[in-house]
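Here's what TrEMBL has on this protein:
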TRANSMEM  A:32-53  transmembrane segment
TRANSMEM  A:74-95  transmembrane segment
TRANSMEM  A:101-127  transmembrane segment
TRANSMEM  A:154-173  transmembrane segment
TRANSMEM  A:193-213  transmembrane segment
TRANSMEM  A:282-306  transmembrane segment
TRANSMEM  A:318-338  transmembrane segment
TRANSMEM  A:368-396  transmembrane segment
TRANSMEM  A:417-436  transmembrane segment
TRANSMEM  A:442-464  transmembrane segment
TRANSMEM  A:471-492  transmembrane segment
TRANSMEM  A:512-538  transmembrane segment
Amino acid sequence: MNAVLALPASLSLATPADVPDAGGHRSIAGGALVVVILLFLVVAAIGFLASRWRTSSEERGLHSLDEWGLGGRGFGSWVTWFLLGGDLYTAYTFVAVPAAMWATGAVSGFFAVPYTIVLYPIVFILMSRLWSVSRSHGYVTPADFVGGRYGGKVLSTAIAVTGIVATMPYIALQLVGMKAVLTVLGLGSGSNSFVNDLPLIIAFVVLAAYTYTGGLRAPALIAVVKDLLIYLAIVVAVIYLPSKFGGWGSIFGAADHKLSTTNPATGKPAGALIPGATSFNAYWTLALGSAMALFMYPHSITGVLATKSRNTIRRNAVVLPLYSLMLGFLALLGYVAIKAGTMPVDTNGKINAQLVVPQLFLDSFPSWFAGVALAAIAIGALVPAAIMSIAASNLFTRNIYRDLIKPDVTPRTEAKISKLVSLLVKVGALVFVLGMDQSSAINLQLLGGIWILQTFPAIVAGLYTRWFNKWALLVGWAAGMVYGTIAAYDVVNPATGKHFGGSIAAIPGTDTTVYIGVTAFVLNAVVATVGTLVLRAFKVKDTADSTRSTDYEVDEDDVRVQPVPEDLRAELS
Amino acid sequence: MPQPVPSPDAPRHGGALRPDTPVRGPARPGPYVAAGVLVAIGIVLPLVVPIYARHDPELAGMPFFYWYQLLWVFIDAGLLFVAYTLMRKEDRRRRDVVRAAQGSGPDSHPPRHAAATDVSGDATEDGGAR
């Protein structure tokens, strides 16, 4: 079983020189870095060639949002599997989930597994209807759908702004994930901070360039490489590392020991191997709330709308769980790192849990394979960052620029604006990460998850019924946003004293701690329901719905499945 | 909702369907109810934490809490596979009913008998009442 890894006997295993000294300075991990650079170049080449994939020569410039922002709406099951896998399982996921396991154990880390289990039945139910109505009307964004279903612009603008604001920190965090890999490779330790940041800047410039030319096709193709690499890395890690470190029993024993040790700053155990009864509600609400929120994110919906048939997303819901298995084992690598004694020391000499898995890979594998595994994580930042920036820019172009500024914009101009905005979005994320404290990005992402969940009532109810009143939904959304933000702010980390210390808090008036997003969602739904009942009782008029019930059922063979031609668009309210 | 004016998004380029023409025939509730139950199990059971928040029985050194949840990855995929098969078959049957009745020409009429979409299916397919 170890024969494959025994082959390159001439290449040494990671030497102690790759481990940082007490000050956090480390030498460059040459072998691994070469492999990372090579794989990055391969991926960049694929990205630049992507604009030619499945396009005729007239289409090659990708001159409409459908072509640039949705890849021509033609992705089949296999491409979708790779695209969504690359989109949903991001570099930040790969870095943060094991980090949470390493630091505090099951509740904050392993909820990612039931989250990504419960996610797919939800997707299975909801997304086909969204696909059908979006194909019927040429919707590119979730806010397009909300605008069409409920009429007017207020609610759709609220949804669009929520989507943009929730996506931006997520892009920034992909950079954080990439930075973890670059730090472990030794590229962050120099004295010149510009030189330290240069690899990240180069990577992002290349990403921005091929996303500009290739649109969604670029991350779709790159996702194939990324996903194959990450599966390879995890399969090898899960087979090789437990036997190297004494078997799962011994690994869990070490984890249990570390997590039950009292943390001097808080006076409580550092974490838990198995959640205690007081954590049950936090665990399942984190899983459920995150699952409900994930497909409200614009980048997930972009992945769905780019598929070529109504059932593609349903078929994928059956097989995407394989990624969840991969994520579960990745989470357990956090415990393996505890047993292995991995020291995730950052360039400032402090412990940074996010470096745990990259450091574990570098310590435990021959340098060439460590390079493959680290490249998988780093490339794992490029795919979602591209899709997220495309989704955010589609939202801006359709639901801010077209809806609010210039309603008669042509498809060609839409594509141009989207391309430009996606560049700006990426630059903004880069500046944010390089200039600000990493914790700001993490806090915003925490809030972003709570915020995007508040779009669930408007979107999901809208897929099934027009019963809810648009204004009631708007007020519900606002209530959820306000409560969620304040509650998250009020969570203070006992060790550091900082706000936004976590995402769980007691339901007001009770002792039950749950995920803030879920409490906010319940508040949102209740307010929307009560508001609708009140407004209906007063017979307040609600605006028109430009969808028909059969729109939600059309598939790719139905004649009516054409994007709305430009001359008709002006007539739609 | 009253619609006296033809819908603005009716295709003018010779599309055969008026916007409110059903694209599939009435639903039989059976497949949808069965699929709905499977999907509901797939959502609810993995979230009932008290069932699995325990150490024993261990499997290959892993506490029950961990291997049980990893097992549910496979179980949910299986549930969704069965649900997908059930719904796909029924969906195909319904669409074939409407397409057979419409024939192949671009100007064919909707089926003579009222092929109203049956709303008795559960929320997984048509809950489209306004």
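Note that Cβ sites are derived from N, Cα and C of the backbone, with glycine treated the same way.
Automatic, uncurated: that is what TrEMBL annotation is.
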Practice task
Could you tell me whether the transmembrane segment (A:417-436) and the transmembrane segment (A:32-53) have 3+ CB pairs under 8 A, leaving out pairs under 6 positions apart?
Solution key: no
Practice task
Test the contact criterion for the transmembrane segment (A:282-306) and the transmembrane segment (A:512-538): 3 or more CB pairs under 8 Å, pairs 6 or more apart in sequence, then answer yes or no.
Solution key: yes
Handout entry: Intrachain residues whose Cβ lies under 8 Å of the transmembrane segment (A:318-338), provided they are six or more past its termini
Key = 81, 84-85, 88-89, 93-94, 97-102, 109-110, 112-113, 116-117, 119-120, 227, 230-231, 234, 237-238, 241-242, 245, 251-252, 254-255, 258, 344, 356-357, 359-360
Exercise for the section: Could you tell me whether the transmembrane segment (A:101-127) and the transmembrane segment (A:368-396) have 3+ CB pairs under 8 A, leaving out pairs under 6 positions apart? Expected result: no
Handout entry: Tertiary contacts of the transmembrane segment (A:101-127) (same chain, 6+ residues out, Cβ under 8 Å)
Key = 88, 93, 255, 259, 270-275, 279, 282-284, 286-288, 290-292, 294-295, 304, 313-314, 317-318, 320-321, 323-324, 327-328, 331-332, 334-335, 337-338, 342, 344, 353, 356, 460, 463
Exercise for the section: Please check if the transmembrane segment (A:512-538) comes into contact with the transmembrane segment (A:154-173), where contact means 3 or more CB pairs closer than 8 Å and the residues in each pair are separated by 6 or more positions. Expected result: no
